[in-house]
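J.: Sharing a structure with you now.
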């Protein structure tokens with residue numbers, strides 16, 4: 001039993017990263033099959049809301065504070081930035097590129113969040129300390145890696161393990177209207193869209209950290225985020241996608257993707273991730289994020305016949321190295337001490353900032369802020 005307890009958190013985080021990798025792969029296949037990303041957003045978050053709502057009602061009813069209008073407006077903005085804008089732009093970028101690109105560029109979120117926190121004076125730069133310098137240098141390395149990944153492809157290291165893909169996600173006739181994901185123009189366009197989506201997500205994490213100080217009930221917060229996301233996506237879908245056939249679902253990969261993301265990501269992954277954060281801390285949880293890149297990269301190379309580029313590999317190495325530097329710098333932050341020193345409802349909870357890498361685009365937004 002003792003051995004199981006020691007390894008349980010490690011096994012749980014490996015399962016989480018496999019689940020996130022699976023969602024990226026399924027979403028890419030479903031988009032290629034013609035799934036409307038707006039309709040997908042509506043269905044996915046409706047399922048998540050129906051799953052999280054009852055849990056939030058029964059588990060948090062005693063500690064849930066009253067919801068003021070300003071807080072409700074902030075939650076609406078969190079949903080707009082972190083879910084509706086972020087995921088729609090991300091999925092559009094994914095349609096131009098591949099799951100490997102999406103998994104790689106998602107690791108820049110902690111660096112982007114750190115920059116925003118510094119610019120908004122919610123995070124102090126302490127360049128006199130080694131860990132303070134690690135945060136800055138790690139952020140710069142992440143950004144440099146993202147630029148290399150986006151704008152320099154380089155030559156092929158190898159062209160995949162199979163003569164033809166087992167699952168074709170790079171065929172114009174099968175759903176995607178953007179042509180080959182290996183074309184340089186599509187690679188750059190898709191990467192920039194994914195980075196834009198991640199920027200919106202980083203901004204939502206800043207706002208979410210502030211809201212969690214006055215509304216410290218994560219299940220209720222995420223239920224409201226899912227509610228607003230489904231509402232916003234419904235309005236956008238009715239305006240931009242008026243085809244009634246887009247709303248019809250059959251027993252195929254599109255339905256599987258919606259149910260998988262709504263149930264596995266929003267329920268199972270949420271539980272495992274929250275449990276690991278409580279047991280081991282947010283930095284431990286975030287350290288497993290690059291594993292998703294490895295999982296997706298290997299799968300895409302074998303099944304999708306994805307071609308590995310030199311620039312992509314070098315950029316990914318820089319991004320992951322920068323990520324671990326930022327995490328090492330953040331590991332010295334003490335959320336409880338920070339709250340005692342500031343005792344200010346507008347202060348940023350660094351624990352929420354630290355786990356930003358764990359909130360991949362395939363997941364709903366989560367936070368682990370301690371209750372005030």
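Glycine residues also receive a Cβ, built from the backbone N, Cα and C atoms like all the rest.
TrEMBL labels come from automatic prediction, so no person has curated them.
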J.: Can you say which of 163-184, 251-272 is given as transmembrane segment in TrEMBL?
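T.: Transmembrane segment, as annotated by TrEMBL, spans 251-272.
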J.: Looking at 187-207, 334-354, which one is transmembrane segment according to TrEMBL?
T.: 187-207
J.: With an 8 Å cut-off on Cβ pairs and a sequence gap of 6 or more, do the transmembrane segment (104-122) and the transmembrane segment (310-329) reach 3 or more such pairs?
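T.: They do touch: at least three Cβ pairs between the two stretches lie under 8 Å.
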J.: For the transmembrane segment (310-329), which recorded stretch in the set 37-59, 134-152, 187-207, 219-239, 251-272 gives the largest number of Cβ pairs separated by under 8 Å?
T.: 134-152
J.: Tell me the residue counts in helix, strand and coil for the domain 'EamA' (189-327), as DSSP assigns them.
T.: 119 helix, 2 strand, 18 coil
J.: Can you check how the pLDDT averages out over the domain 'EamA' (9-149)?
T.: 88
J.: Please give the sequence-distant neighbours of the transmembrane segment (219-239): residues at least 6 beyond its ends with Cβ less than 8 Å from one of its Cβ atoms.
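T.: Tertiary neighbours of the transmembrane segment (219-239) are 36, 38-39, 41-42, 45-46, 48-49, 52-53, 55-56, 59-60, 64, 72, 75-76, 78-80, 82-84, 88, 208, 211-212, 246, 266, 270, 364-367.
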J.: So, by DSSP, how many helix, strand and coil residues make up the domain 'EamA' (9-149)?
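T.: Across the domain 'EamA' (9-149), the residues distribute as 116 helix, 0 strand, 25 coil.
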